[in-house]
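**Student:** What follows is a single structure, and I will ask about it in a moment.
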Amino acid sequence: MREPEENFPYKLESWTATKPAEGVVDERDKAWTQAVARGFHEAETSDDRLPKLITTAAADQQRIYGVYATEVLQHSLPQLDPVATYASFDGTLNVGERTVPADMITAVTVRPSHRRRGLLSAMITADLHDAQQRGLPMAALTASEATIYGRFGFGEASRFRSVTVDTSNGFALRSAVTGSVEMLPTSSAADLQVRLFDLLHAETFGSISRPDHYRSMVAGEGSYDHPEPDRKVRVVAHYDVDGKIDGYVSYKHLGYESKPVSLEIIDILALNSNAYLALWKFLGEVDLSAAVNMPGAPMNDPLLWALTDSRRYRVTREGDSLWLRALDVPALLAARKYYADGELVIKVNDRLGLAGGRFALRVAAGQGQSESLSAEGTADLELDVAAFSSLYLAGVSASTLHQAGRITAQSEQAALKLFDKIFQTPEPPVSRSSF
């Protein structure tokens with residue numbers, strides 16, 4: 001894919017993940033997978049679990065990238081072990097009553113001894129160009145570090161909170177919930193979460209596809225980050241008054257050494273607020289625990305307002321969730337759902353040369369139309385592609401980014417107010433996927 005050069009003594013290779021034949025893992029796939037584990041400081045995957053991980057990648061039809069040193073020092077890791085890894089697969093992003101295809105990026109690592117040599121740049125630019133050529137208007141990732149991807153045009157698009165809820169004596173909800181809850185065989189979580197997530201994904205603004213590893217993760221069969229099985233995982237479903245499942249939670253007990261003794265939610269999906277609160281009522285009443293941790297709570301979590309004592313709800317962390325990178329601005333502007341009419345001219349700067357230009361947006365009756373304009377001429381707003389990508393789902397306002405020095409406005413207040421009016425949404429974007 002890219003051969004070694006004088007200033008780049010590495011070979012960049014790419015291939016598509018394939019399911020191991022008869023459970024026998026190819027040596028290249030094995031070395032690549034172990035390199036990913038090392039990159040995230042995880043334990044190396046046992047040989048008996050490797051076929052499962054490779055099969056999961058194959059289910060996503062992942063495009064695998066590996067960077068290989070042309071020369072290796074004596075006693076160092078073998079040449080077959082990549083010094084950098086990267087993968088991507090196709091998914092969809094909900095932009096309001098419709099979805100757009102997206103290039104979903106994962107497994108990005110660079111061996112510490114080979115940092116700052118352009119390895120990530122080589123992989124990510126190759127993948128972004130490939131995605132654009134295949135007609136994908138957006139790229140997406142969840143970032144392990146917040147300072148890495150801005151230089152490649154990615155912008156933070158949605159946020160999440162980690163919360164701990166005190167479920168000791170006195171935990172209660174303000175209102176009664178209907179339906180019933182029941183424990184399920186843990187293995188049933190794999191298919192159940194797919195069904196529930198697909199329904200939620202179709203109706204949730206800002207939702208992005210889930211990778212296949214969620215099937216095994218929620219069922220306690222391991223995930224990409226933690227490939228070994230976890231037999232402490234439990235699964236509970238909520239049934240509505242007609243006996244149909246409309247929500248579920250996968251969780252585990254963290255052990256009696258945790259202080260306070262806690263449950264941790266692995267995944268919770270509910271098709272309505274009644275099911276969501278009913279599942280929380282169940283968790284709050286589980287014996288031999290005094291708290292419930294939820295790593296990925298939505299920013300507008302109704303649970304906070306449903307508790308009789310809101311001080312039991314404690315935010316332990318707030319962070320970035322989904323990062324986006326525009327690859328086709330006119331296509332994105334035309335695809336998105338809008339809640340106000342108006343016209344704007346936007347200039348987007350892109351140092352990678354993928355999505356830059358001057359674009360007109362006209363919105364009428366919630367539908368946008370966009371076209372590319374000549375480079376010369378004025379624009380109501382000028383910004384880089386990372387800022388545009390952050391604004392696209394209205395996870396932040398143009399006024400806020402202008403105050404942060406990220407946007408230039410022709411007539412400041414009028415242009416900023418118009419942009420925010422056009423792009424505002426009834427609810428903040430919500431992503432329930434990590435990849």
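Each residue, glycine too, has its Cβ placed from N, Cα and C.
Curation plays no part in TrEMBL annotations; they are all automatic predictions.
Sharing the feature lines straight out of TrEMBL:
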ACT_SITE  Tyr149  active site, proton donor
ACT_SITE  Phe435  active site, proton acceptor
BINDING   Val108, Thr109, Val110, Arg116, Arg117, Gly118, Leu119, Leu120, Ser121, Ser144, Glu145  acetyl-CoA binding site
DOMAIN    10-180  domain 'N-acetyltransferase'
**Student:** At the level of the C-alpha atoms, what whole-angstrom distance separates Phe435 (active site, proton acceptor) and Val108 (acetyl-CoA binding site)?
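**Tutor:** On Cα coordinates alone, these residues lie 11 Å apart.
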**Student:** Among all protein chains shown, how many Cβ atoms are found within 10 Å of the Cβ of Glu145 (acetyl-CoA binding site), not counting that one?
**Tutor:** 7
**Student:** How many other Cβ atoms sit within 10 Å of the Cβ of the residue listed as 'active site, proton acceptor'?
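**Tutor:** For the residue listed as 'active site, proton acceptor', the 10 Å Cβ neighbour count is 23.
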**Student:** Taking the residues Val108, Thr109, Val110, Arg116, Arg117, Gly118, Leu119, Leu120, Ser121, Ser144, Glu145, which the record names as binding acetyl-CoA, find the longest CA to CA distance and state it in Å to the nearest whole number.
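**Tutor:** Result: 20 Å between the two most distant Cα atoms.
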**Student:** Which Cβ among the recorded positions (Val108, Val110, Arg117, Tyr149) has the fewest C-beta neighbours inside 10 Å?
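**Tutor:** Among the recorded positions Val108, Val110, Arg117, Tyr149, the sparsest Cβ neighbourhood within 10 Å belongs to Arg117.
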